[in-house]
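Visitor: Pasting a structure below so you can have a look.
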Amino acid sequence: MLLCNRKVPKTLNTCFILHIFTLLTLGVLVSGMPSKMVSFASQETLQRINNLLRGSANRDVDIIAEYLKKDDDDDGGDKDHHNIDIDPLPRRPSLTPDRQLLKVGLHGAISSDLEVCSNLTINEVLLKFPGSNAADAAVTQALCKGMVNFFNSGIGGGGYVVFSGKDDEDHLSIDFREKAPMDSHKFMFENCSLCSKIGGLAVGVPGELMGLYRLFKERGSGQVDWRDLIEPVAKLGSVGWQIGEALGATLELYEDVFLTLKEDWSFVLNSTHDGVLKEGDWIKRPALSNMLMELAKNGSVAPFYDPDHWIAKSMIDTVAKYNGIMNLQDVSSYDVHVTKPLSMKIRKGANFIPDNDMTVLTSSGSSSGAALLAALRIMDNFQNQEGGDYEKETTYHLLESMKWMASARSRLGDFEGEALPKHIEEVLDPEWALKAVKSIKRNSQDGNFKTLENWTLYDPAYDINNPHGTAHFSIVDSHGNAVSLTTTINLLFGSLVHDPKTGVIFNNEMDDFAQFNKSNSFELAPSIYNFPEPGKRPLSSTAPTIVLSELGIPDLVVGASGGSRITTSVLQTIVRTYWYNMPILETIAYPRIHHQLLPDRIELESFPMIGKAVLSTLKEMGYTMKEVFPKSVVNAIRNVRGEWHAVSDYWRKRGISSVY
């Protein structure tokens, strides 16, 4: 019987119990370390799980109970939320960022979370093969990130990429988001909502490899072989590398989990198998390395998706072991969604770039690119203000645009083909933005700025989904090409399912679907556009973006990780760049602001840095505020007078850019 796909049986198997144990023992990350443990489930759900566990000899209920604490978050929302989508690093913005974290390149640049991967990509691809381009480099960069920071991305997941070339017809958007298995249906998590987060049922069909291969075939330089892009990463996994701060801290957080699941996760354990490897230790991933070498020799990704190949068979066996429903047909039938990027003009004749049309390219498909464009269209009705960051009027405009953007996101969902569905066309219609602009102007008469008194006035259509996790990188090359790519396995270590034969860590992307008959605490129904269906991709908050100058040259390449904070972080980065005329270093380092409409409050990364005067002004406008642990990570590259200024979000994830 497939667990959670129907009524939960009275006797749970061992692996499911261990996964429930895993979910309940992870903690909220405070000041970079798990200083207090908080359950991720409601008290009702916990009681149901405890009742099930009482009949098991595998785990004493009392051991689990000591980890359970009352959820004291005051957001008024669903208590089944969690904070297991971000690494446990100390994260803090900066008003005085170190200038050495701004990297300046004459030929090209890579902005990502991992300097080791950016250096490897530049040396082994862009410099080793002079004719290679950003699309080629993106393959190596993505695979390297999944190899090293395997807690938040990898070939067991999926994502989105936007490519821009010299000509308009070169621009491309690829949706390689995971797909729901063909046996999926909207009732599948009705009896066990936690099963969308952990175990085999949480796994969507991985798409990262197919997406990277399609990018390579469609927009690669043709001057480098597929094998040349894969081998450097395979060799890294074979030889190994020194564990950095982010991976070390995340492994430490999950130590009890991996000791419990040591049979499948032995590669993260020390030589005596009584603990995980630590920061500074040497780690190898031989299984993944061997599998990548097989793909390199094959010259394609065919073995990964071939139902008769040992790679695909091993993956399916592993997912089935943990009660998953993904089968060989799901894997063999997976395809990506290739379209032109969504695009629009901004800042025509704006104060600081006279007579200049900036073209914004962003992702289509199941991403939130359409919502980002809707917010930019709203913001484009308001004037620039140099130095306007956290000024009264500009901040009001930005916050209200964020709230309307959340309303737009509630209408989004996966679709196929080039034509946009009516519910997505609606939010891209200038009339929709005009409605928001009129509301903003009506409530800011004579300098008296007021947010709308009730969130319902922003007209969200459905519950606003809250995705998690993610990793992003931006690349520009010496030929004028750019890549903005965001990829994820969703929560930390995805579904916690690892195939020790192939080295694949599987996503838990099924958690990003809406759950049928489960309205949120604000009585908003789940989105009809985002229910689990066979072959469907769940809605993502991802919005990898490239901004082109009037000459068609990449001017800003940007994207973010951080779940629902992705779109607001990308929006604020673009607004700071083109509305406030801020340098890219300060744009990324400074504290960020976030509003997703529900819960109806502003989230601020640092009250002290923003200051009492600004906080008082926001309160007068009618906003409720909460200081939060920084959760979004932005990696971007800016064209400054022909030079590439690359900045990674060191302040939130220790990223350092690389240039050449």
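Just so you know, glycine gets a Cβ as well, placed from its N, Cα and C.
From Swiss-Prot, here are the annotated features:
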- Thr470: active site, nucleophile (ACT_SITE)
- Arg177, Thr488, Asn490, Glu509, Asp512, Ser540, Ser541, Gly562, Gly563: L-glutamate binding site (BINDING)
- 78-90: compositional bias 'Basic and acidic residues' (COMPBIAS)
- Asn119: N-linked glycosylation site (CARBOHYD)
- Asn191: N-linked glycosylation site (CARBOHYD)
- Asn270: N-linked glycosylation site (CARBOHYD)
- Asn298: N-linked glycosylation site (CARBOHYD)
- Asn454: N-linked glycosylation site (CARBOHYD)
- Asn517: N-linked glycosylation site (CARBOHYD)
- 73-92: region 'Disordered' (REGION)
- 1-13: topological domain 'Cytoplasmic' (TOPO_DOM)
- 35-660: topological domain 'Lumenal' (TOPO_DOM)
- 14-34: transmembrane segment (TRANSMEM)
Visitor: Which one of the recorded positions (Asn298, Thr470) has its C-beta surrounded by the most other C-beta atoms within 10 angstroms?
Guide: Thr470
Visitor: Here's one to test understanding: among the recorded positions Asn119, Asn270, Asn298, Asn454, Thr470, whose C-alpha is closest in space to the C-alpha of Gly563 (L-glutamate binding site)?
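Guide: Sorting the recorded positions by distance from Gly563 (L-glutamate binding site), the top entry is Thr470.
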Visitor: Including all protein chains displayed, how many Cβ atoms other than that of Asn270 (N-linked glycosylation site) lie within 10 Å of its Cβ?
Guide: 11
Visitor: Where the distance is taken from Cα to Cα, which of the glycosylation sites Asn119, Asn191, Asn270, Asn298, Asn454 turns out closest to Asn490 (L-glutamate binding site)?
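Guide: In terms of Cα distance, Asn490 (L-glutamate binding site) lies closest to Asn191.
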Visitor: Give me the mean pLDDT over the topological domain 'Cytoplasmic' (1-13), rounded to a whole number.
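Guide: That stretch averages a pLDDT of 38.
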Visitor: Among the recorded positions Asn191, Asn454, Ser541, point out the residue whose Cβ has the most other Cβ atoms within 10 Å, with all shown protein chains included in the count.
Guide: Ser541
Visitor: Counting across all protein chains shown, how many other Cβ atoms sit within 10 Å of the Cβ of Asn119 (N-linked glycosylation site)?
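Guide: A count of 15.
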Visitor: Sequence gap of 6 or more, Cβ distance under 8 Å: name the residues on the same chain that satisfy this around Arg177 (L-glutamate binding site), in order along the sequence.
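Guide: Listed in sequence order, they are Gly158, Gly159, Tyr160, Gly204, Gly207, His337, Gly365, Ser366, Ser367, Asp414, Glu509, Arg537, Pro538, Ser540.
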Visitor: Which of these recorded positions is closest to Thr470 (active site, nucleophile) if you go by CA atoms: Asn191, Asn454, Asp512?
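Guide: That would be Asp512, the closest of Asn191, Asn454, Asp512 to Thr470 (active site, nucleophile).
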Visitor: Please name which of the recorded positions listed here, Asn270, Asn454, Asp512, Ser541, is nearest in space to Asn191 (N-linked glycosylation site), Cα against Cα.
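Guide: Spatially nearest to Asn191 (N-linked glycosylation site) by Cα position is Asp512.
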Visitor: Pop the Cα-Cα gap between Ser541 (L-glutamate binding site) and Asn298 (N-linked glycosylation site) into the table, whole Å please.
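Guide: Spelling it out, the Cα of Asn298 (N-linked glycosylation site) and the Cα of Ser541 (L-glutamate binding site) are 34 Å apart.
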Visitor: Could you give the Cα-Cα distance between Asn454 (N-linked glycosylation site) and Asn119 (N-linked glycosylation site), in whole Å?
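Guide: With distance taken Cα to Cα, Asn119 (N-linked glycosylation site) is 49 Å from Asn454 (N-linked glycosylation site).
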Visitor: Please report how many Å separate the Cα atom of Ser541 (L-glutamate binding site) from that of Asn119 (N-linked glycosylation site), as a whole number.
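Guide: It is 29 Å, counting Cα to Cα.
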